[in-house]
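**Student:** Under the heading transmembrane segment, TrEMBL lists 19-39, 92-110, 122-141, 147-169, 181-204, 224-248, 309-333, 345-367, 374-396, 408-429, 450-470, 476-497. Annotation comment: TrEMBL describes 26-501 as domain 'Major facilitator superfamily (MFS) profile'. The region 'Disordered' annotation in TrEMBL covers 534-553.
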Amino acid sequence: MAGGGLPAAAGGSEFEAKITPIVIISCIMASTGGLMFGYDVGVSGGVTSMGDFLKKFFPVVYRRTQEEELDSNFRTQEEELDSNYCKYDNQGLQLFTSSLYLAGLTATFFASYTTRRLGRRLTMLIAGIFFIVGVILNAAAQDLAMLIIGRILLGCGVGFANQAVPLFISEIAPTRIRGGLNILFQLNVTIGILFANLLQYLEVYDQMVHSLKMVKPVRIEGGWGWRLSLGLAGIPAGLLTIGALMVVDTPNSLIERGKLEEGKAVLRKIRGTDNIEPEFLELVEASRIAKQVKHPFRNLLQRRNRPQLIIAMALQIFQQFTGINAIMFYAPVLFNTLGFGSDAALYSAVITGAVNVLSTVVSIYTVDKLGRRVLLLEAGVQMFLAQVIIAIILGIKVKDHSDDLHKGFAIFVVIMVCTFVSAFAWSWGPLGWLIPSETFPLETRSAGQSVTVCVNLLFTFVIAQAFLSMLCHFKYGIFLFFSGWVFIMSIFVWFLVPETKNIPIEEMTERVWKQHWLWKRFMDDNVVGDIAMSGNGEKKNGHANGADPVSQL
């Protein structure tokens, strides 16, 4: 689907760029890394609610969930006193979910090196290989150690994919649709979650067939349903691997690694025009500056890079403290805790997954029209109200040893959860990845993305490891806890997050940071990171002394 040759940038430099098929296809193939990530998020919650899985790996949790079916002689005093909110409070069970993110946190530092030295494309290929091996170990797991090792390898894949994919898409996309294409990654995350929830709902119970009484409920017998759920992650893992083999690397990456002619040829190909000289020269100049930075991670701490670093880190922390991953990881467990039956719990999780997908599509169509700030601020109000209402209902209706959540209230809770999920899906979900990927300058972009992914996975690990314990101790107050964070992050956006809509990546410093009421104080024109001054005192950034940036590489 080719478009007309409209200028890609609004104001400032205008680079001619068509919406070419190769860009669309490349972005779709690269974003399948999000499909793998999302499927894992969704499958974790569903598998941890499966009786056969719990019986094999977490028998203590299994006994708690089956308490009503046990003879009282087999119940321990502790199990008798378990609250509705504490059935799944088990550190080992939480480690199954969180170990992936701890591994991803570590892997992202290695991914920063490969992204810079080997390119975005090869880094995605490495991620795909990690995913495939991890899936095989998970599906064939015979004990908890094998299960956790598989999860660690999946985590390595997450670290490499989350490092490379957002950079790849931001660099290859025309400016005017950069936001929408970048959100394809998050869209695939939501599709992966929905796909996982659907599979697990069908594994537990075929609701439609049962309601029509056509045949007996469909179940996967023999206790291998959880293996099927974990093994099917091989589909998105394979797609990412194949996609990485098919796509071209970004012009930014090729030029950064000294492959100027190849980078220029790829730029001409993806832009669909021969008039690429202005954009090419800007990329070369950015690369020249980047090459003078010998220590990208240390350079991130330079004064002029603090605004991007602070915002990138804050967005990742806030994204996790919206509470979204607590809901997505453990949606079936959460609904089961609130008094839904196991099939109804998974059915509700499927509904929230579908809302997640549809709302992410909304973001794709609005992010480059309405802008980033509008979506973040509107969603803050919506998420805050939804969580407060959920807390009030649960505080009144769900007690430690009773779940008087009548059908009407249960439906209303699902509606409020969907309200919360929809707001997150068109705001903090995709924009938490989009904004950091488009704001760092080339000289710190790979290192900045590495820190972004690291902070995200660190706090994802914290939430995944702590949520079931928090649910046990906070009870309904868990939603008040997260709503308080939503309020804080909305204030942060209002005052400190600038608008980056329709701004070319290489012009962020001049047109965004130097125009912001606070961050402009950090923009020191006399220093570009750790780039030295020339002997006569003139700056080496820009086209110093009128030199051709190509000849200086």
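Here the Cβ of each residue, glycine as well, is placed from N, Cα and C on the backbone.
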**Student:** Are there 3 or more C-beta pairs under 8 Å linking the transmembrane segment (147-169) with the transmembrane segment (345-367), counting only pairs at least 6 apart in sequence?
**Tutor:** no
**Student:** Which residues of the same chain, at least 6 past either end of the transmembrane segment (450-470), have a Cβ under 8 Å from a Cβ in it?
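**Tutor:** For the transmembrane segment (450-470), the sequence-distant neighbours (Cβ-Cβ under 8 Å, at least 6 residues beyond its ends) are 88-91, 93-95, 97-98, 101-102, 104-105, 108-109, 111-112, 115, 155, 158-159, 162-163, 297, 300, 309, 312-313, 315-317, 319-321, 323, 325-326, 329-330, 333, 432-433, 436-437, 478, 481.
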**Student:** Going along the chain, which residues at least six beyond the ends of the transmembrane segment (92-110) come within the CB cut-off of under 8 Å?
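**Tutor:** Residues packing against the transmembrane segment (92-110) from afar: 40, 44-45, 48, 54, 57-58, 61, 130, 144, 147-148, 151-160, 162-163, 329, 450, 453-454, 457-458, 460-461, 464-469.
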**Student:** For the transmembrane segment (224-248), find every same-chain residue at least 6 residues outside the stretch whose CB is under 8 Å from a CB in it, and list them.
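**Tutor:** Tertiary neighbours of the transmembrane segment (224-248) are 22, 25-26, 29-30, 32-33, 35-36, 39-40, 43, 46-47, 50, 52-53, 121-122, 124-125, 127-129, 131-132, 134-136, 138-141, 154, 157, 161, 168, 188, 192, 196, 199-200, 203-204, 266, 269-270.
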**Student:** Could you tell me what the rest of the chain brings near the transmembrane segment (374-396), counting residues at least six beyond its ends with Cβ under 8 Å?
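**Tutor:** Distal contacts: 322-323, 338, 363, 366-367, 405, 409, 412-413, 416-417, 419-420, 422-424, 426-428, 431, 475-480, 482-483, 486-487, 489-490, 493-494, 497.
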**Student:** Please give the sequence-distant neighbours of the transmembrane segment (408-429): residues at least 6 beyond its ends with Cβ less than 8 Å from one of its Cβ atoms.
**Tutor:** 186, 189-190, 315, 318-319, 322-324, 327, 335, 338-340, 348, 351-352, 355-360, 362-363, 366, 375-376, 378-380, 382-383, 385-387, 389-390, 393-394, 397, 489
**Student:** Any residues 6+ beyond the ends of the transmembrane segment (122-141) with a Cβ under 8 Å from its own?
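**Tutor:** Answer is 30, 33, 36, 107, 111, 114-115, 147, 149-161, 163-165, 168, 227-228, 230-231, 233-234, 236-238, 240-245, 247, 249.
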